[in-house]
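Chemist: According to Swiss-Prot, the protein has these features:
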type: ACT_SITE; residues: C73; note: active site, proton donor
type: ACT_SITE; residues: C217; note: active site, proton acceptor
type: BINDING; residues: N11, Q44, N64, G74, N75, N157, N190, E208, R209, G218, T219; note: substrate binding site
type: SITE; residues: Y268; note: site 'Important for dimerization'
Amino acid sequence: MRFTKMNGLGNDFVIIDAVTQNIHLTSENIRYLSDRFYGVGFDQLLIVEPPYDPAIDFHCRIYNSDGTEVNQCGNGMRCVAQFVCLKKLTNKRNIHISTRANHIILSIMNDNRVSVNMGAPIFDPKLIPFYISQYQKTYILFLPTQIILCGVVSMGNPHCIILVEKIENIQVTSLGSALEDHHCFPERVNVSFMQIINCNNIRLRVYERGVGETQACGTAACAAVAVGIQQGLLYESVNVNLPGGTISVNWKGASNALYMTGSTSYVYDGYINL
């Protein structure tokens, strides 16, 4: 099986062309591929398939390293846009891709960064899904040893955003893993810790469900900015500074689409027998 390794700001992906290859992977296959000692290693596996709709260019299936299929991955979609151009699967600069959650539009810019129309953020608890009685800008969640104040939103996948004063002091893995499986989130949740530098700049660390702390996460960057704008803390254009690099996010609020722009990197092509 041919594959390509790419990364978006340190968030690394294995991308598989299922347009020109017949690909059938089990959860066991995916977990093996994700192993950084015995397989290839990745944060997410992205399988690019032919479209199911004539209005779409490609369909993409997204898997975490634990073998679970997920709805969305913003950084991964940017890499997919570059991948389909690199492999000459399309010559378009505006590419329509469907995922399990939605249909997104990716635009390859002149500087080879990729801008993604992520759609409008979803704050309705029923649609996130988030087991809470009614929508609020800030929620209180109870853990065995502490009380958490957070914002909750979906960008095609659920996100819990926690505002912090100093991001270096946060125990991302212990707190992230405790919140990931909180009973209020039936599909588990991605947990982000946001430090606001000013109204146009934030710092972010992310604990991704089924993965752990990662260098970057596109949907988490979008979710953090959406929550910050919704709470009146941020302007509509924000630079999100993650350990792996910076993503630009723009959102005019309400039901407007949110846009994320960032760079991608090709690493290598490979072949593996399964």
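Numbering starts at 1 and runs along the chain as it is shown here.
Including glycine, each Cβ sits where the backbone N, Cα and C put it.
What you see is a predicted model, and the numbers here were worked out from it, not measured in a lab.
Just tell me what is around each of these and how deep it sits.
Modeler: Look at C73 (active site, proton donor): DSSP puts it in coil. The local packing around C73 (active site, proton donor), expressed as other Cβ atoms within 10 Å of its Cβ over all shown chains, amounts to 29.
Around the Cβ of C217 (active site, proton acceptor), the same chain contributes N11, G74, N75, N190, S192, V206, E208, L242, each under 8 angstroms and 6 or more positions distant in sequence.
Applying an 8 A CB threshold to same-chain residues 6+ apart, the list for T219 (substrate binding site) reads Q72, C73, G74, N75, M118, M155, G156, N157, H159, N190.
Cβ-based neighbour count (10 Å, all protein chains) for Y268 (site 'Important for dimerization') stands at 8.
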Chemist: Beyond the listed site residues N11, Q44, N64, G74, N75, N157, N190, E208, R209, G218, T219, identify every same-chain residue whose Cβ lies within 8 Å of the center of their Cβ atoms for the substrate site.
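Modeler: Leaving out the recorded residues gives D43, V70, Q72, C73, G76, V206, V211, T214, C217, A220.
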Chemist: For the substrate site made of N11, Q44, N64, G74, N75, N157, N190, E208, R209, G218, T219, how many Å separate the two farthest Cα atoms?
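Modeler: Spelled out: the longest distance between any two Cα atoms in N11, Q44, N64, G74, N75, N157, N190, E208, R209, G218, T219 is 17 Å.
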